[in-house]
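The next block holds one structure in the form of structure tokens; read it before the comments.
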Amino acid sequence: MADPTAPTAPTAPTAPAGSGGDAETPLLEIRGLRMDYPIRHGMFGRHIGTVRAVTGVDLTIRPGETLGLVGESGCGKTTLGRCIVRTLRPTAGTIRYHARDGRVVDLAALGQRELRRYQREVRLVFQDPFSSLNPRMTLLEIIGDPLRNNGLAQGKELERRVGEMLELVGLPPGYMRRYPHAFSGGERQRVNIARALIMRPRLVVADEPVSALDVSVRASILNLLRDLQEELDLTYLFISHDLSVVENICDRVAVMYLGNIVELAGTDALYRGPRHPYTEALLSAVPRADPRLRGSGRRIRLSDDLPDPAAPPPGCAFHTRCHYAKAETCAAPGAGPVLLPPPDPSGRGGTAAGPAATPHLAACHFAGDLSLTGV
Ligand SMILES: Nc1ncnc2c1ncn2[C@@H]1O[C@H](COP(=O)(O)OP(=O)(O)OP(=O)(O)O)[C@@H](O)[C@H]1O
Ligand code: SF4
Ligand SMILES: [Mg+2]
């Protein structure tokens, strides 16, 4: 079991990336990513078990897209996001990042010095705009710190760049001498976004960026994220449990269950024609104001709470709650179904979005047979 705070492994081998920015070349390729947390007990912190928070994720992020990551609380979304920005060191797996300098580096294996360089390009926007800003620092310090710490700007130049960034996120540059308590939730989230963008990243992991905000300001922050994406050529991994928001903002969606991706598809394909029973259950709970958009209207209630990630069920991890489970197949000991395109003679699953086709993948033994209801 790896200690997430342990020193990192030596620098990974790197190779020329060829073209780092065209739509055919992925920005990030995650393979076999695992993150285990040790469960400790007692005064001496005896190791008594392991939470398998991420259990072997394969996921590719394309340049310029917004990829949604959804799933119930505790399924491992934040852990996956924090492995990508490398505030956590994964237990196993690779995160191949096609960097701005044309190299392909394995973020999962980089040593601290190399990591600092590439962490500028992959940034995190936190969920909670209240607790994530130090109340004793001015906006100039909060937003400018990464530039100063990396020796990239100081003095007047630092002020100029922070002022520019404040303007970009819709705040007056004159605010830079103020402290976070002077601001509303929406304004603080703009500060959070400015802090993430000051290093001019290419990939932003936005972890529930609007869920702590009043409904009335959510739309303005989502619009800001969309505008910034266009202006700064950003790619987003957008983590959320709000499927309505995800439907509006994401090009593709990955559904996570108990540490792994169980379905991945273009947003429209996934919402209209889910291929995994878990996705169908999540979608059945999405509120629809317009009755014509409510699908069958049948709410699928999941039978039980999320299983304990320290003791995941054998076979398909969803079989303890799945309405379609067949015990002999789905609960068979060993590994469960893997993420694959279901056999589909009608070609119903895939959608074309942009230059690369978007295959519709599902990790269910019966994905090709079930007729599931979307929204
Ligand atoms: N530092 C930690 N130590 C031990 N277990 C942890 C730690 N952080 C998270 N976990 C566990 O790992 C699993 C995944 O947690 P994670 O926070 O990644 O889920 P999430 O999908 O982001 O949930 P939420 O929607 O509530 O934010 C959970 O079982 C959680 O309790
Ligand atoms: S493999 Fe079986 S238990 Fe798992 S989602 Fe498919 S039908 Fe349900
Ligand atoms: Mg989370």
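Keep in mind that glycine also has a Cβ here, set from the backbone N, Cα and C atoms.
In TrEMBL, the annotation region 'Disordered' applies to 1-24, one of the ranges 1-24, 145-168, 169-192. If you take every residue in the domain 'ABC transporter' (33-283) and average the pLDDT, you get 95.
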